[in-house]
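Engineer: Take this structure, written in C-alpha cells, and hold onto it; I'll ask about it next.
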C-alpha cells in the first residue's frame, strides 16, 4: 500500500490489532469515570435527594468540556498532542481518586458543602474529557478507520462495563448496610485504576507500535507538527527531512474544513442533542413507578449502553456502513420522532415499550457516530484530519450540552420538579 506521497505502509500493517486493543482501552478510559458517576446516580440521589444529580451534574460537566474543546480546537495545530492526552488522562485519574477521598472525608453524608465539592470535581471531568477526546480523535483521524472505530467502541464499552458492574454490586450488596455506597466505592476504585492504565498505555505502548509510527510519520511528511513528540517517543528523532517540501505543508483553514463538513458537524450536534436530552436524566426522573422498582432506571441505562456498543460495531459489516451524506442527514433528523414516542410511552406505555425505545436510541447513537467519524477525515492531509477531528468533537460536546439543558423541559408540569 503506497500513499500519494510515496510512503510505504508496513506490508501487513504490523501492530494494527494491538493498536485497536489499546485504543479500545483508551476509549474506555475516556468515559469510564463519567459513566461511573452516571451509573451510581442512585447513590447520589440517596445522598443528595433534593439536588437532581442526574441533571445537574451533566449540566456542570458539559460547559467546562465545551469551553475547553473550543480553546483547544482553535489552537490544535500548535499543541503537543502527546502532552495534551497524557495530561487529560492524568486529570481523569486524579479527579476520580478525589471522589473517593471526598466520600471518605464526608463519610457519605450529604449537604451543600459536599455537593459543591462534588460539582467541582465534575467540572474537572469536563476539562479532562475535552482534553482527551479532542486530542485522541484528532490523533486517530490520521490513521485507518478501524483504529478510530475501536476508540469509539471503547467509549460505548465503558458504559456497558460500568452498568454491568453496577447491576452486580447492587445484587451483591442489596441487603447489606450502605449497599449503594459500597458499590459506588468499588466503581470509583476500578475507574481510577483504568485511568492510570490509560496513562501508561498512551505514553509508553501506543507510540511504539509499527502501524502507529507509520501513520504519524506520514502525517509529519504532510506537514503535521502535532505528532512530533510522539515520533520522538517512538525513537524517530530526525524529522526535518519529512517536511522539507512546502507543497506538502499547505492545508485548508479551519473555516474551510468546517464549511466542507458542515453536514457532518450539524448531524453530530443533532445526534447528541437528542440523546443527552433523554439519557440519563429522563430515565431516572420521568419513567414513573414500575414493578422493577429501583432496578428500573439501572436496567434502562444498561439497555442503552448495550445497544450503543452494538451500534458502534455495526459499521464493520460493509452493507450496514452508511456513507451517503444525504442518507445520514435523513436518518439523524428522523430520530427526533423519538421525542413524542418517549413522552407517550412514559405517560401511557409499559416498560417493554420503554426498553424498545431506549434500544433504538442507543443503537442509532452509536451507529451514526461511527459512520460519520469514519468517513469525515477521508481525502484530507494529516494536519487537516487533526483539525477536523477537533472540530467534530466540539460539535459533539456542544450538542451534549444543549441536550442536557433541553432535558430539563421534561420536568415542565411535573409536581415538585424543583
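Placed from the backbone N, Cα and C atoms, the Cβ positions cover glycine too.
Reproduced below are the annotations present in TrEMBL:
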TRANSMEM  21-44  transmembrane segment
TRANSMEM  56-74  transmembrane segment
TRANSMEM  86-106  transmembrane segment
TRANSMEM  112-130  transmembrane segment
TRANSMEM  151-173  transmembrane segment
TRANSMEM  185-206  transmembrane segment
TRANSMEM  265-283  transmembrane segment
TRANSMEM  295-315  transmembrane segment
TRANSMEM  352-376  transmembrane segment
TRANSMEM  388-411  transmembrane segment
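Are these features on the surface or tucked inside, and what touches them?
Structural biologist: Counting residues 6+ beyond its ends, the transmembrane segment (21-44) has Cβ neighbours under 8 Å at 53-54, 57-58, 61, 89, 92, 95-96, 99, 118, 122, 125, 129, 132-133, 136, 140, 147-148, 150-159, 161-163, 165-166, 180-181, 183-184, 187-188, 190-192, 194-195, 197-198, 201-202, 205-206, 209, 280, 284, 294, 297-298, 301, 305 in the same chain.
Listed as Cβ neighbours of the transmembrane segment (86-106) (distance under 8 Å, sequence separation of 6 or more from its ends, same chain) are residues 29-30, 33, 36-37, 113-114, 117-118, 121, 124-125, 127-129, 131-132, 135, 181, 184-185, 188-189, 191-192, 195-196, 198-199, 202-203.
A Cβ distance under 8 Å defines the sequence-distant neighbours of the transmembrane segment (295-315), meaning residues of its chain 6+ beyond its ends; these are 35, 38-39, 41-42, 149, 152-153, 155-157, 159-160, 162-164, 166-167, 170, 279-280, 283-284, 287, 321-322, 351, 354-355, 358-371, 374.
With a cut-off of 8 Å between Cβ atoms, the residues of this chain six or more beyond the transmembrane segment (352-376) that come close are 137, 141, 145, 148-149, 152-153, 156, 261, 264, 267-268, 271-272, 274-275, 278-279, 283, 287, 299-300, 303-312, 314-315, 320-323, 328, 331-332, 335, 338, 341-342, 345-346, 388, 392, 396.
Sequence-distant neighbours of the transmembrane segment (388-411) (same chain, 6+ residues past either end, Cβ-Cβ under 8 Å): 55, 58-59, 62-63, 65-66, 69-70, 72-73, 76, 129-130, 133-135, 137-141, 254, 257-258, 261, 264-266, 268-278, 281-282, 285-286, 369, 372-373, 376-377, 380, 417-418.
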Engineer: Test the contact criterion for the transmembrane segment (151-173) and the transmembrane segment (185-206): 3 or more CB pairs under 8 Å, pairs 6 or more apart in sequence, then answer yes or no.
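Structural biologist: Between the transmembrane segment (151-173) and the transmembrane segment (185-206), contact is present.
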Engineer: Out of 56-74, 185-206, 265-283, which stretch touches the transmembrane segment (112-130) the most, going by CB pairs under 8 Å?
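Structural biologist: Comparing 56-74, 185-206, 265-283 against the transmembrane segment (112-130), the winner is 56-74.
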Engineer: Same-chain Cβ contacts of the transmembrane segment (185-206) under 8 Å, 6 or more residues past its ends?
Structural biologist: 19, 22-23, 25-26, 28-30, 32-33, 36, 39-40, 82, 85-86, 89-90, 92-93, 96-97, 99-100, 103, 162, 165-166, 169, 212, 233
Engineer: At a C-beta cut-off of under 8 Å, are there same-chain residues at least 6 beyond the transmembrane segment (56-74) that contact it? List them, or none.
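Structural biologist: For the transmembrane segment (56-74), the nonlocal Cβ contacts are 34, 37-38, 44, 84, 118-119, 122-127, 129-131, 133-135, 254, 276, 280-281, 387, 390-391, 393-394, 397-398, 400-401, 404-405.
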